[in-house]
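A.B. asks: Take a look at the following structure, please.
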Amino acid sequence: MTGIQTQSTPPSVGSFRGIIIGCTVFICGEIFGFVIEKGRVFEPSVVVDQMSMKRFVMLKMFLSAVISGMFCMSVLSMLPFTRQKFLSARQTLVNDLQGKGYMTVMLGGFILGIGMALGGTCPGVVFAQLGTGTQNAVYTLLGTLAGALLYGVLEPTLMSLTKPNKPVKYQFIFHVLGSPYHTSAIPVAAILSVIVFTLEIAYPWDTEDSESTSMWEASSWPPFFTGLIVGSLEVPLILIVGGLLGASSSYCTVTAQVLITDKMKQKVPYLVKFKSGLSNWWQVVFVVAAIHGASLSSQLSGTSGTIEGQSALMSFSGGVLIIVGARLAEGCTSGHGISGMGLLNSLSIATIMSMFIGGMLSARCIQMLT
């Protein structure tokens, strides 16, 4: 759920800009993977327990990331020398959601939530699971790639069934209110901060790392702290890359590489647009770096290869569903959740609400059947 608008530049300038973008993306991916591991939200049990409403580590980190993103983007929207960058990045979200309506994104979010409850993961978290050696993470990855291919085949049918009769008139809540972005975002961030604070009082974060020699060797950091770091990644991505935080389209880019013949391309035209281009590949660099960042963090804390995963079948099935859902909604927990909700996008808010509903209902059904 990210993109880059490139301009025609001389080869030397374009090459230098590509190097800067690549380095920025790689560093952001490293930080993302490292922090996701420290926040423990990559653990399948943490994701499943969140959907079962048993633990709130994931929700506290998620909301903290939204808060941080809102604050950072509010500042970018107000400063004269960063405002245009902010508006350009925000436009990528609008462009990505063209042709999507509330029925489309809510159905996608619901399917995404089911996949999260089954596999104990989400699109951005899969790579942290790979880096930490989480049990059956490879099956999850295979499921996500199969899900990207499946959605590519089903996309024309799904879109014809859910495409709205007319485009959404107001995508952003602050447009409805007739006010600048920051005047709505900052109060919302304050309200979400109260919610996180309340959750922390009711369900306090604890750790067994009181004897750790350093914070880098600790197996976990407070979820509100890790969330703030993740949300702040919006700044370099907006200013240097020209996009927003997201992960789900990277699966489409990787899967599209198998489309070699014209016959294959005709069967899955949706994936063809992901086959090449900087706007597609930078997200792949991001998630590959996230694998290394998560691996580094787990090695420092001595937890690499110790995390139990879901069964192979549930991991694979969950992987398929999270990508089918995320692609139908045109975004995942990072793209819609942190970036979209941070921008007060109404379609993103509807997606995340549906995601939690689908996840909680699925988690309840799984509990009843087991």
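Cβ atoms here come from the backbone N, Cα and C positions, even for glycine.
Remember, TrEMBL labels are computer predictions, not curated facts.
According to TrEMBL, the feature transmembrane segment maps to 16-36, 57-81, 101-130, 137-154, 184-203, 224-245, 281-300, 312-329, 341-363.
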A.B. asks: Do we see three or more Cβ pairs under 8 Å linking the transmembrane segment (184-203) and the transmembrane segment (57-81), pairs being at least 6 apart in sequence?
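C.D. replies: Yes, the transmembrane segment (184-203) contacts the transmembrane segment (57-81).
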A.B. asks: Counting only pairs 6 or more apart in sequence, are there at least 3 Cβ pairs under 8 Å between the transmembrane segment (16-36) and the transmembrane segment (312-329)?
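C.D. replies: Between the transmembrane segment (312-329) and the transmembrane segment (16-36), which are separate recorded stretches, there is no contact, as judged by 3 or more close Cβ pairs.
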A.B. asks: In the same chain, which residue numbers or ranges, 6 or more beyond the ends of the transmembrane segment (312-329), come under 8 angstroms Cβ to Cβ?
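C.D. replies: Counting only partners 6 or more residues beyond its ends, the transmembrane segment (312-329) has Cβ contacts under 8 Å with 44, 100, 104-123, 126, 136-137, 139-148, 150-151, 154-155, 158, 162, 248-249, 251-252, 335-336, 351, 355, 358.
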A.B. asks: Per the 3+ Cβ pairs under 8 Å rule, pairs at least 6 apart in sequence, do the transmembrane segment (101-130) and the transmembrane segment (224-245) touch?
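C.D. replies: These two stretches do not touch.
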A.B. asks: Look over the recorded stretches 57-81, 137-154, 224-245, 281-300 and say which has the most C-beta pairs under 8 A to the transmembrane segment (341-363).
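C.D. replies: Ranked by Cβ pairs under 8 Å, first place goes to 57-81.
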A.B. asks: With Cβ-Cβ distances below 8 Å as the criterion, list the same-chain residues six or more beyond the ends of the transmembrane segment (281-300) that contact it, or say none.
C.D. replies: 2, 4, 21-22, 25-38, 42, 124, 127-133, 216-217, 241, 243, 246-247, 249-250, 253-254
